[in-house]
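The next block holds one structure in the form of C-alpha cells; read it before the comments.
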Amino acid sequence: MGRADPEEGHLPAPVKPPDGGWGWIVLLGCFVITGFSYAFPKAVSVYFKELMKDFHVGYSDTAWISSIMLAMLYGTGPVCSIMVNQFGCRPVMLIGGLLASSGMILASFTTNIIELYLTAGVLTGLGMALNFQPSLIMLGTYFDKRRPLANGLAAAGSPVFLSSLSPLGQVLLEKFGWRGGFLIMGGLLLNCCTCGAVMRPLDMGMKRKMEKAQDKYEAKEMLPIGGKSEEGISTTDGTKKAKKAKKKPKKGKKLLDFSIFSNRGFIIYTISKFILVLGLFVPPILLVNYAKDTGVPDTEAAFLLSIIGFIDIFARPACGMVAGLKWVRPHVAYLFSFAMLFNGLTDICSARASNYTGLVIFCVFFGISYGMVGALQFEVLMAIVGSQKFSSAIGLVLLIEAFAVLIGPPSAGRLVDALKNYEVIFYLAGSEVVLSALFLAMATYCCLNRGKKKEPPLEKNLSAGGGSDTEEAESDVQEAEEHSSDNHQPAHNTDNTVVAASEEANHVAEEQSGEGGGCPEGDGEVLARDGCNADQTVERDSF
C-alpha cells in the first residue's frame, strides 16, 4: 500500500505509558526488587561473626562477600542491558530470581570462604543485578507523568528492607544458625521471581489493537472500483496472510546502544555520578566506628544507622512528589544538584561533631539528603536519555559506578588507618559530593540549555513525524470520501455497503464487457452517476 509497516523493519508508534493501572503492580514489584538489591548485601553482615568462627578468617575476608555482591550489582550492568535488549525484562528477571535464590541456598552447604565468594557473592549478586536493572526499565515504561513519584516510591524499598532484613537475619541466626539463615534467606529471594512474573510488557496488548485497527482501515481503503474491484478486496484473514507472506527479515536489534555517548547530557550525568559515588557511601560506612571513637556506646552507635534509614523511608517518596510538580520537573537536574550539594555540606559540617547529639542531628540531615539523591538519580537519567535507550544507559552508568565504588570506600578506610582521623575523611567525602553537584549544575546550565534553544523539543518532533499507520490510513480514507463526494459518488462507510457496492459494480462491468463496450465518450456526466468515470481509473491505478 506504499505505507510504512512495523513488520518490515520500520519503528512502530511509541506506546503511551498508562501512568497507573497495572503500573502500580509493576511499581510494587520494583519496590521489592530495589529493597533486596540494596539492603541484602548489608543485611548479610549480620552473619559475619559466625562465619569468622567457623572458617577461621578475619573480618576483612568476610566483608568481601558484601563487596562482591555490590560489585556484581554494578559491574554487570552492560551484561544486563544486552540480555534485556535481546530477551526482554520478564525472562531476565525470572532467571535472575532463580540465580539469587540458588546462590544463597548453595551457600548454606559451603565448607570454606572461597565457596562463599562464588555462591553468596557471585551467584546471588548476579541474580540481583538481573532483577534490579530490568525492574527500573519496566518502571520507566509504565510511568511518564507520575514517573518521579514512582521512582521515589520504588527507591523507598531500600531503607524499608534494610530495617527489616537486618533484625530478621539476627533472629534466624539465633534460632537456626548461619546455615539455616542462609537457606531461609534464599527462599525469600524467590519472591524476585514473583516480581519478575508481573512485569508484563506494555506493548503486547497495544500491538494487537494496532493490528486490528490497521486491518480495518486497509479494508476501507480497498473500495470497489471498476471491473477489477474484486482483485483489490480481501478479508481481514487474507490481509494477515499476505502480510506474513511478504514479511521481510527484521533488522538485528542493537544489544548495547553506544550512541548514547553522543548525548552531552549523558556524558555530564556520568561524570557527575562517578564523582558522587566516590564520597557518597563513605560517611554511613564509617559512622558507627566514628561514633565509638568519640565515646558513644555500641548500642547507641548502631542506632544512628536506624535513624538514617527511618528518615530515608519518608524522604524518598516526598522528594519524588516534589520532582513531579509541573514547575519543578523541567528542572529536575538542578533539584538533583541541590540534593547532592545538601548531602556534601552535611558531611562537611558534621566533621567536627564530638557528641551524640551532634551525630543525631547529622543523621537526620544526612537521611533527608541521602533520600533525595536516591529518589532522583534514576529519574534524571530517564529524563536525559528517554525510555527507549534507558536499558543501555543504566547498564553503562552502573559499570562506571562500579569502579567508583571499588575506589571510594576502600581508599577512605586506608586513610583512616594511616591518619587515625575521621575528620579529614568526612571533609574529603563531602568535598567530592559538593564537586559533583557543582559540576552537574554548571555543565547543565552552560552546555545543555544552549543546545535546547537550538534544537526542537523531542515531543514535537514525534508528534510531527511519528504518526502511526492507522492514523495515516484514516486520513487517506477521509480524503477519498471527500474526493468522491465532489464527483457525485456515494460514500461507502460500512463493510456491508462495501461488499454490496462491489457486487453491483462487478455485475455492471460484466454486462458492459459482454456488449463489447466500455464507457462511451461524451456521456461522462451521466455515466458518472452509474459508477464509471475517469477518477475511478486513477484511484484504482494508485492502489
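Yeah, the Cβs are placed from backbone N, Cα and C, and that goes for glycine too.
Here's what TrEMBL has on this protein:
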{"type": "COMPBIAS", "residues": "487-499", "note": "compositional bias 'Polar residues'"}
{"type": "DOMAIN", "residues": "23-448", "note": "domain 'Major facilitator superfamily (MFS) profile'"}
{"type": "REGION", "residues": "455-543", "note": "region 'Disordered'"}
{"type": "TRANSMEM", "residues": "21-40", "note": "transmembrane segment"}
{"type": "TRANSMEM", "residues": "63-84", "note": "transmembrane segment"}
{"type": "TRANSMEM", "residues": "91-110", "note": "transmembrane segment"}
{"type": "TRANSMEM", "residues": "116-137", "note": "transmembrane segment"}
{"type": "TRANSMEM", "residues": "181-202", "note": "transmembrane segment"}
{"type": "TRANSMEM", "residues": "266-291", "note": "transmembrane segment"}
{"type": "TRANSMEM", "residues": "303-325", "note": "transmembrane segment"}
{"type": "TRANSMEM", "residues": "332-353", "note": "transmembrane segment"}
{"type": "TRANSMEM", "residues": "359-378", "note": "transmembrane segment"}
{"type": "TRANSMEM", "residues": "390-412", "note": "transmembrane segment"}
{"type": "TRANSMEM", "residues": "424-448", "note": "transmembrane segment"}
Long-range environment of the transmembrane segment (332-353) - Cβ separation under 8 angstroms, sequence gap at least 6: 148, 272, 276, 279-280, 283, 294, 319, 322-323, 359, 361-362, 365-366, 368-370, 372-373, 376-377, 379-380, 383-384, 422-423, 426-427, 429-438, 440-441, 444, 448
Candidates 63-84, 91-110, 303-325; stretch with most C-beta pairs under 8 Å toward the transmembrane segment (359-378): 303-325
Sequence-remote partners of the transmembrane segment (181-202) [C-beta within less than 8 Å, at least six residues beyond its ends]: 15, 17-18, 22, 25-26, 28-30, 32-33, 36, 40, 47, 88-90, 92-94, 96-98, 100-105, 107-108, 120, 124, 127-128, 131, 134-135, 138, 141-142, 169, 172-173
The transmembrane segment (266-291) versus listed stretches 303-325, 390-412, 424-448: most Cβ pairs under 8 Å: 424-448
Tertiary contacts of the transmembrane segment (390-412) (same chain, 6+ residues out, Cβ under 8 Å): 70-71, 73-82, 84-85, 133, 136-137, 140, 254, 256-258, 260, 266, 269-270, 273-282, 285-286, 378, 381-382, 384, 425, 428-429, 432
For the transmembrane segment (63-84), distant same-chain residues with Cβ under 8 A (at least six beyond the ends): 37, 40-42, 44-45, 48, 92, 116-117, 120-122, 124-126, 128-130, 132-134, 137, 255-256, 391-392, 394-399, 401-402, 405-406
